[in-house]
Amino acid sequence: MIHPGHILFLLLLPVAAAQTTPGSCSGCGSLSLPLLAGLVAADAVASPLIVGAVFLCARPRRSPAQGDGKVYINMPGRG
């Protein structure tokens, strides 16, 4: 189900976009095609590396086997 606030945001988005003047970015330059292709390629390489690192760090690890064969003094039933 869509939250009513999200619908209101989507309806007001064109109004906000219409109020911005075109070319209002001072000091912004256009990106050359090789630079844009390099950014996309770097993102394509970095994203799977980040996902893989998060997967390796977040996966459940096997806990080492508890030493049930140990003899416990002062613990009845364990020895």
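Yeah, the Cβs are placed from backbone N, Cα and C, and that goes for glycine too.
Between the stretches 12-15, 48-51, 56-59, 72-75, Swiss-Prot puts its region 'PIK3R1 binding site' entry on 72-75. Within the model, the topological domain 'Extracellular' (19-34) carries an average pLDDT of 74.
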